[in-house]
Ligand SMILES: Nc1ncnc2c1ncn2[C@@H]1O[C@H](COP(=O)(O)OS(=O)(=O)O)[C@@H](OP(=O)(O)O)[C@H]1O
Ligand SMILES: [Mg+2]
Ligand SMILES: [Mg+2]
Ligand SMILES: [Mg+2]
């Protein structure tokens, strides 16, 4: 891996005034349910009890994976808090802590710090020997002689985050972690997932490009067992509980801020979305904000996909970067299916969150030929959409295969997520009709 200041960082600094969640007022209503004091909101279940009573599951079934989901949601909340702090410092201090990986993609202290934190917490809760984690980052860059400062920042960030574990109802370390322990926690996430059994799947910062630009990003944690995604948690620190902002493109933010000022608090309030396979439900809770005292369990409310199935009324999301997905191909599809609205280009798995929340109806990604999609970019989002009532397939209409290790092997052309089967079928047919004449 090369170590250098990532070229996108300069763009990040420029763009921040334009689209930052902090400095731009946005007409959003902050989430109206207060965070609950333990047990005071009976109708907003904690992850471990969600939906089980309504499903009529026996307690042994309903308890299955409850502890895993509970820990996963809490540690993603911690990670969101960590990322908010790092993002603020990245974009305000113009420092050099955005690095480039071999493929020129960016990586930051947040990526490594979240990976170390989640790895440490999962190992403490479920036993270091038995926890298998498949995650995006490694320690190659961090271990280089010229990365001492970077490594120090990561160790400091991880320790600051773990010190806050009790606020999230988790046990932190008895003492400060040493550098070698932080490196070990990061490199322990090197499972290839090639054997059956249980694997945690982590994208510590998904949409790192959005992250360094002061924009959208997500923390994605899933649990796979024997190739099936059983749990999915998405932390979306810049995606407020209220959906209003999604109607606007970033270029509109500045205009809106002049007419409708809003507190940074309401914009700041992100969300954590989660689901457990088979519940037929997905849930969303507000981020525990740093100015709030501990309140756990954190209130949650159920989310559901949109009921819109008329393409003319549907909104479709896609990656921001043309290099990650062909905008021209999706524009052709949109036209032939009868989508009328402009695409909503959003960084990260926040796109999956938007479909699950009913804020958009379609997500399409068509990467260039030869690019192999990784499971950490999709596992959590796919399960959450499915449980919220939506559908996700490849462009041939087949389910994504999470059983083959790091990559989504056998993926047919691209990924399509929809709020319902009617839209999905139309898009799959349109892909077939136009594929041969595409350049993909
Ligand atoms: N060439 C290429 N083609 C397709 N996909 C790629 C490519 N390169 C990277 N990636 C992966 O895309 C992840 C970011 O996806 P996004 O949907 O957020 O893309 S975008 O930033 O909005 O353009 C991104 O995730 P993160 O690295 O976690 O940010 C990558 O795993
Ligand atoms: Mg990356
Ligand atoms: Mg990713
Ligand atoms: Mg990532």
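Glycine is treated like the rest: Cβ placed from N, Cα and C.
For the Mg(2+) site, TrEMBL lists 136, 203, 206; matching the candidates 310, 359, 377 against that entry yields 377. Cross-referencing 16-37, 38-59 with TrEMBL places the feature region 'Disordered' at 38-59. Mapped onto three states, the DSSP output places residue 377 (Mg(2+) binding site) in helix. Its Cβ taken as reference, residue 203 (Mg(2+) binding site) is surrounded by 31 other Cβ atoms within 10 Å in the chains shown. Summary of the Mg(2+) site environment: with the site residues 136, 203, 206, 377 set aside, the chain residues having Cβ atoms within 8 Å of the Cβ mean position are 202, 204, 205, 220, 349, 374, 376.
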